[in-house]
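Student: The structure follows.
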Amino acid sequence: MEQISCNESAYETDWMELLYFELVSSILSCISSVIGGLLVFLIVVKNPQKRFHTSVSALLVTMATSALLVGITAEPLFIYFSVTTINTVDDHVPHDAPFLQFAILVSFMSSMLTLLTLVGITVNRYLFVSVPGWCMVCVTFNRTLLATGLGWMISVSYPFLYFNTGLSRYCIVHSTAGVFFITLALVYTFVWILSKLEALRERGHLNIVSQEAYISQNHSWLLVFSLGCYIPALIMVIIAELCSSCTCQAKAWLARSSFVVARLHCAILPVLYIAILTDYRSAIKSILFKCRIQGKKIRFNSIHRSEREINCFEMNGKHSTKI
């Protein structure tokens, strides 16, 4: 967290609301990112009905990995920072603590990887409607995972700009990049993908059109949701940076809220993809149903085995009595 220079103490009593806000946000982000990431990995590993080793699934695995990085590494550190600061107001953790800098870098890296994954899904859908035959044969799960390596390289190197800019200015850069990438993906979807779908419909490829229209429509809604996250985040951090009459507390609220929005977006997106795509919802239900059936079978077998052991014991007792 960046220390905003002003005469007010950043940890007076009236700042406790901001610290509690950050604590609750970190807990929510931690829970949602871990749940969403693990569910995506569970679906791809179990691969029910052999339908989830696709290029889209590979991109969702990348998105789930970024969410898990936030949920397992960054958010627990933010929770520790908030709890420690709340409990020890007079001797709080410094803002340049190494663990806190690491958590900020991981958060921005994961958030950027999520944005690049959204662009990757858009490009993937464009390839599918442009050259469906080639896409089905050549754009495989493993090749898509390899292609995401470029996104990892960009995401890992990109957050180190933070050391030269500070939190507020870096949030401006990051939110601007988010608005740019998401707007680009939306324009790409509505201008090129929908026109390609219309061309396929005219050529009679109704099965491809119906399947792709469903995926592209849901993906478009998630892009709109993402844009709805990043535009307010960008506005808030610009106000925090440019407002000369704002108090130190107001600037801190705006800058840190923008940072929280970026983290929550990264954490929630895998959960939303699972919730909005019917195939993934059905896969989760199928996996949970199988686990429930297997649990019942195990309990039934254990009970049946116990009954047989009791019967054998009683028969042995009767036999020994007769003797």
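Placement of Cβ uses the backbone N, Cα and C atoms for every residue, glycine included.
According to TrEMBL, the protein carries these features:
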type	residues	note
DOMAIN	36-273	domain 'G-protein coupled receptors family 1 profile'
TRANSMEM	23-45	transmembrane segment
TRANSMEM	57-79	transmembrane segment
TRANSMEM	99-119	transmembrane segment
TRANSMEM	126-152	transmembrane segment
TRANSMEM	172-194	transmembrane segment
TRANSMEM	221-240	transmembrane segment
TRANSMEM	260-280	transmembrane segment
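I would like each feature placed in context: is it buried or exposed, what are its neighbours, and how far apart are things?
Tutor: Here the transmembrane segment (23-45) has Cβ contacts under 8 Å with residues 52-53, 57, 60-61, 63-65, 67-68, 70-72, 75-76, 78-79, 82-83, 86, 260, 263-264, 266-271, 273-274, 280, 283-284, 287 of the same chain, all six or more residues outside its ends.
When Cβ-Cβ distances below 8 Å are used as the criterion, the transmembrane segment (126-152) is approached by residues 53-55, 57-59, 61-62, 113, 116-117, 120, 188, 192-193, 196-197, 200, 205, 208, 212, 216 of the same chain, each at least six residues removed from its ends.
Note on the transmembrane segment (172-194): residues 108, 111-112, 115-116, 118-119, 122-123, 125-126, 129, 161, 165, 216, 219-220, 223-224, 226-227, 229-231, 233-234, 237-238, 241, 258, 262 of its chain, located 6 or more positions outside it, place their CB under 8 angstroms from a CB of the stretch.
Within the chain, the transmembrane segment (221-240) has long-range Cβ neighbours (under 8 A, six or more residues past its boundaries) at 115, 118, 122, 168, 171-172, 175-176, 178-179, 182-183, 185-186, 189, 246, 250-252, 254-255, 257-258, 261-262, 264-265, 269, 272-273, 276.
Sequence-distant contacts of the transmembrane segment (260-280) (same chain, at least 6 residues past either end, Cβ-Cβ under 8 Å): 21-22, 25-26, 28-30, 32-33, 35-37, 39-40, 43, 51-52, 60, 63-64, 66-67, 70-71, 74-75, 107-108, 110-111, 114, 118, 171, 174-175, 178, 214-215, 218, 221-222, 225-226, 229-230, 232-233, 236.
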